[in-house]
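See below for the structure under consideration.
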Amino acid sequence: MNNQHPTPNNQRRIEISQVVVTAQQMREVEARIFAAGIPVAALMEKVAGLIARRILDMYLNPGQEDNRWGGGELGTPTTDREWGLGAMGRWGDQPRFYSRPRVGILVGPGHNGGDALVVARELYFRGYAVFIYSPFAKLKELTSQHLQYAQSLGIPCYQSIEDLPECDLLVDGLFGFGLERELQDPIASAINQLNHKSVPIISIDMPSGLHTDTGKVLGTAIRASHTFCLGLWKLGLLQDQALEYVGKAELIDFDIPLADVEAVLGETPRIKRVTKNSVFSTLPLPRPAVTHKYKEGHLLLICGSRRYAGGAILTGLGARASGVGMLSIAVPESLKPILVSHLPEALIVGCPETQTGAIAQLQLPENTDLNSFDAIACGPGLTKDASPIVQQVLESTIPLVLDADGLNILANPPLSKGGMKGGIRQALTVLTPHTGEFQRLFPDLPDAKHNRIEAVREAAAQSGAVVLLKGARTVIANSEGAVWIVPESTPALARGGSGDVLTGLMGGLIAQAVTHQIAAEDMVAAAAWWHAQAGILAAQERTELGVDAFTLTQYLNLVLNHTDFDSL
């Protein structure tokens, strides 16, 4: 959507922001960097300098340019009058300190601890009161050197957490990526004490105590307010079980060459974060000057029942927001008037219904072939009485999105026990379960709560479908093992009907992907990101309690208007 071509460096940053790595992959990338000649000490100085600057910008000097950074000497003195001797206030969503802040630096035995010590030194030179907690007797050589220098400057250092003075801000450099063992006392007890302090904690790379790949808490873990992930996004930070420990996550890009990333991961990483840039490079915008409605996709929605009329309406409103050129909606005959009143632009197809008010037979106008549409989305509000309808759409040869009762019907038998038989459909199939539906579809797979990413990847391989597992961090995988992770969402979406909106939005975008020859999996990821961003914007304006599913549909297009296209 942006007519300006990004510079090579900006393009690298765009691509780097999408990359997600395991601990082993990060080790391999770092090994290539060091083998190429950059000293470990030089990289540590660069990384820690970037961290210190972000701490200053966000916590210690928000809203003001730090004239002691870059514009002056490192040791520029500051006066007590400048910093005062008071307490802590607020600046937006971040703490604002009105005094000379007291910063506690938590130092581990490895290079993560070395990063923290360089941060300590930089903050000390800028006039902040710095205190070091270093409980380990044995440190890596470079980390030990930085500790020795910090002590030579007169920065107080403590081995016991009880001796560490009360601080306004804590910087966690105890453990970085690669931790695999459970934490033991005294470190575990120290972390528990730190978590009870009512001060912000900034973690370097990973909150100490989290498994880098799974996000599992290894006994106990730092509950960070903010995590600065170094170089490349770590997989564990994007796992649902890690989120209450990560706080707000931000990538500190220290200019890893893209060639080194590609040498380890390949030109197309198997796990990618869905970002604003990736979404807007996927959406069919701007439209060509000469087009017509059938060139912009024709979607068939099959949804609703007398019991769940709202599901059909919400799915239709989601599809409307997608911009699909033509929208047809098949519902029980008794629902046709209400659908016409809410979606006058759509072709509403009234179908024969069962005594319970479910669709009994899919009866399209003029015996229209199902395969004449560009995509089908099926399931919201159907009830299980519509089982023959789901079987009929499974036999079609066009892209299909299944949700809600479509999934409940498909789960009998479960996919791992004969359903879809490892990908019986030749066309794209997208399954969009929440955790409960996922477990019914794939009961033999490991619990998705403990490693959602691997569980979804296994489910996609087993079913031959694209599987989208809803959650705080929605995960998408295809049968070839590629994974997309939506890195942001909001608990405001934990409302009935939110998933129906996503089904309609996704169906409309997939129909357009067909006509515009866009990779369908990328469009699935774009739909999930768009849906999440609409929820975030709605929650910002209406609070997390004020975002019902209908309200969500009204923010789908508003959120695009709030996008800063110059930043793409």
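Positions of Cβ are set from backbone N, Cα and C atoms, glycine also.
In TrEMBL, annotation is done automatically, which means it is predicted and not curated.
Pulled from TrEMBL:
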| type | residues | note |
| --- | --- | --- |
| BINDING | 111-115, 176-182, D205, G381, H434, D500 | (6S)-NADPHX binding site |
| BINDING | N112, D172, S208 | K(+) binding site |
| BINDING | K470, G471, A472, R473, T474, G499 | AMP binding site |
| DOMAIN | 26-262 | domain 'YjeF N-terminal' |
| DOMAIN | 276-563 | domain 'YjeF C-terminal' |
Looking only at the domain 'YjeF N-terminal' (26-262), mean pLDDT returns 87
K470 (AMP binding site) to N112 (K(+) binding site) - Cα separation in whole Å = 33
Report, in whole Å, the straight Cα-to-Cα distance of H111 ((6S)-NADPHX binding site) from R473 (AMP binding site).
-> 29
Those binding-site residues of G471, A472, T474, G499 having Cα within 10 angstroms of D205 ((6S)-NADPHX binding site) | none
Neighbourhood of G499 (AMP binding site), C-beta criterion under 8 angstroms, separation at least six = P380, D403, A404, T432, H434, K470
DSSP says H434 ((6S)-NADPHX binding site), in three-state terms, is coil
Where R181 ((6S)-NADPHX binding site) and G471 (AMP binding site) are concerned, what is their Cα separation in Å, rounded?
-> 27
Where K470 (AMP binding site) sits in the secondary structure, as DSSP reduces it to three classes | coil
Whole-Å Cα distance, G471 (AMP binding site) to D172 (K(+) binding site), is 28
When you look at K470, G471, A472, R473, T474, G499, which the record names as binding AMP, what is the longest CA to CA distance in angstrom?
-> 14
For S208 (K(+) binding site), which residues in the same chain are close in space, meaning a Cβ under 8 Å from its Cβ, but six or more apart along the sequence?
-> L106, G108, D172, L174, F175, L179, L183, I191, A221, I222
Given F177 ((6S)-NADPHX binding site) and T474 (AMP binding site), what distance in Å do their CA atoms have, once rounded to a whole number?
-> 23
Where D205 ((6S)-NADPHX binding site) falls in three-state DSSP terms = coil
Secondary structure at D115 ((6S)-NADPHX binding site), reduced by DSSP to three states = helix
Taking the centroid of the Cβ atoms of N112, D172, S208 as the K(+) site, which other residues of that chain lie with their Cβ within 8 Å of it, listed in sequence order?
-> L106, G108, G113, A116, G173, L174, F175, G176, S203, I204, D205, M206, P207, I222
